[in-house]
Amino acid sequence: MSQRVSDEIVAKAMEEIRSGASSGRHGNTLPHVYKVGAPPKQTLWQEIKHSVVETFFSDKPFEKFKDQTASAKFFLGLQYVFPIFDWSRNYNLKKFRGDLVSGLTIASLCIPQDIAYAKLANLDPQYALYTSFVAPLVYAFMGSSRDIAIGPVAVVSLLLGTMLSDEISDYHSHEYLRLAFTATFFAGITQMALGVLRLGFLIDFLSHAAIVGFMGGAAITIALQQLKGLLGIQKFTKKTDIVSVMRSVFNSAHHGWNWQTIVIGLAFLAFLLTTKYIAKKNKKFFWVAAISPMISVILSTFFVYITRADKKGVSIVRHVKKGVNPSSASELYLSGKYLGAGIRIGVVSGMVALTEAVAIGRTFAAMKDYSLDGNKEMVAMGAMNIVGSLTSCYVATGSFSRSAVNFMAGCRTAVSNIVMSMVLLLTLLLITPLFKYTPNAVLASIIIAAVLGLVNVDAAILLWKIDKFDFVACMGAFFGVIFKSVEIGLLIAVGISFAKILLQVTRPRTAVLGKLPGTTVYRNIQQYPKATQINGILIVRVDSAIYFSNSNYIKERILRWLTDEEAQRTTSGLSRIEYLIVEMSPVTDIDTSGIHAFEELYKSLQKREVQLMLANPGPVVMEKLDASKLTNLIGVDKIFLTVADAVSTFGPKGEGVV
């Protein structure tokens, strides 16, 4: 039926309602009732184009290229890929002073952290230093965040080390190192592909609750792993679950612990935690916590050197290779038995790294009130990890602790990353041999102090108060990590996140509505106990789009509401229900299964002598109802703009009118 014929039928039906049947029930006081308008017809191409634009190009990235000359488009494209060419035009000495201070500050923090984090990945310390030299340089040119500090992080290092050692147990072998570079390469490919294809929304499937649990579990696991270095244990389990770790710790208690190592480790751990506490209490002293790891390394290295504590069983770093990154392009596994493992490890570690980086970037962007292009961030992260894999680096991402220090130190642009990178270059060229006598106990204490902040107890308590399902997701990821492994915890986190989505889609909420006294507003009677139901009418609101996955449930749930309400009203001596109004304002879309479910609902109601009415279907829904001829089945005179219009038309006299 054409749009014109539909409009004529609706207009005629409304006129008949006003002048005919209803006038006998309401007199001449019926207010004007607007008909529900059907949207303009769209072609298939228009619908596809609209869906693609909204899904992949909602930020209108090509808008600024319109009506530009070829040279202007080239420079705009260059600025889009390399944002540094955009913001550097307004760069000045004042901004550089802030970036210089923040860059030097995060460099003093990242050097000791890098040496420690390399151990989590089962790699030699220089590879983490290589990573903090190359990755920030690439990101500074391509990234859009002004505050994020790039480098190795604890969680990704542990994840990478665990998954790599599952494939190659001998992490001193050259094959292990090659697999690490291969995984880094495919992590970069994954990240860049997500950005280029504008699929960044995929990382949002990992819910905040799952991330809180996963990060907390990973932090506990990392801290427990450091008991080896903190207690001076020589023979330690390679497993990461809490049972295996604690068994290994207690089994070596009588003969494997070294008291000198314990004294050094606990002393500097107390120092690091004290400085963090001072910085937390007074933000002006953030620099105290920032430089405390470097102070710990310098003092402990000097102490071990002059006392030769290494000859008394204190484990030390021994050797950090001097010089800049060697090329590793020829080391990648692009064929052979380790190719599949490299891809799998790269995809997993790349996604985790990306999730962490985007979350950090968004946090600081919101604090400084500037926009962050998620897809551009993914391209930048992917590029830096691809370049890193070719220059002896492993997976890098944004570090929350370093980014927080960068922010508080007054960084203005990504130049702070360049400053940090230059400091790392000087470190690699000049002072790496000085780390020879650095005790592993101090590195363990640095890691423990760094990861304790990832255990967010307040967030878990808030999840319990707000959403019990979110709390279950959080605890599932947490216990999966600490009792099994990082990969299992991550799998549980993703699984529970998807389970929540499926549950919300397949079992949407519905509500019975009542009228608020003195108004024409209809709301959930459970939320508003004073809202009264209309005699002879049941009003049900569906709070979701209606798809194949939930259409049958919605139909059955509406019929159960009807059965329950009829029984309750019969008991109360009220008249039977003659009309069922479905409030469809929250229904953003409906598919063919949903249409079919409404046809079945209509037939079921007809058998019960109950009339079906719809209130405020949206444009997309109305278009599909009209195309499917469901409007003809229900009756165009049974589709209203508001619940109040439906009640004033078919309800008892005076209802719907204030």
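Including glycine, each Cβ sits where the backbone N, Cα and C put it.
Marked as transmembrane segment by TrEMBL: 148-164 (among others).
Positions annotated as transmembrane segment by TrEMBL: 176-199 (among others).
Residues or ranges marked as transmembrane segment in TrEMBL: 205-224 (among others). Sequence-distant contacts of the transmembrane segment (205-224), counting only residues of its own chain at least 6 positions beyond either end whose CB sits under 8 Å from a CB of the stretch, comprise 120, 154-155, 158-159, 240-242, 245-246, 355, 359, 447-448, 451-456, 459-460, 463, 467, 470-471, 473-482, 486, 489-490, 493-494, 496-498, 500-501.
If you look up TrEMBL, you'll see 257-279 (among others) marked as transmembrane segment. With a cut-off of 8 Å between Cβ atoms, the residues of this chain six or more beyond the transmembrane segment (257-279) that come close are 229-233, 285-290, 292-293, 296, 299-300, 303-304, 309, 312-315, 439-442, 444-446, 448-449, 452-453.
Positions annotated as transmembrane segment by TrEMBL: 285-306 (among others). Tertiary proximity for the transmembrane segment (285-306) is limited to same-chain residues at least six positions away from its ends with a CB under 8 Å from its CB atoms, namely 105-106, 108-109, 111-113, 115, 264, 268, 271-272, 275-276, 278-279, 314, 316, 404-405, 408-409, 434-435, 437-439, 441-443, 445-446, 449-450.
Among the features that TrEMBL reports, transmembrane segment is placed at 378-397 (among others). Among residues of the same chain six or more beyond the transmembrane segment (378-397), those with a C-beta under 8 A of the stretch's C-beta atoms are 81, 121, 123, 127-128, 130-132, 134-136, 138-139, 142-144, 150-153, 156-157, 160, 180-185, 187-196, 200, 325-329, 332, 349-350, 353-354, 356-358.
Residues or ranges marked as transmembrane segment in TrEMBL: 418-435 (among others).
Taken from TrEMBL, the feature transmembrane segment covers 441-464 (among others). Sequence-remote contacts of a segment are chain residues at least 6 beyond its ends whose Cβ falls under 8 Å from one of its Cβ atoms, and for the transmembrane segment (441-464) they are 112-113, 115-117, 119-120, 154-155, 209, 212-213, 215-216, 218-220, 222-223, 226-230, 232, 261-262, 264-266, 268-269, 272-273, 276, 293, 296-297, 300, 314-315, 317, 400-401, 470-471, 474-475.
Per TrEMBL, transmembrane segment is recorded for 471-499 (among others).
The annotation domain 'STAS' is assigned in TrEMBL to 527-650.
Most Cβ pairs within less than 8 Å of the transmembrane segment (176-199), among stretches 148-164, 418-435, 471-499, belong to 148-164. Mean pLDDT, taken over the domain 'STAS' (527-650), works out to 92 on the 0 to 100 scale.
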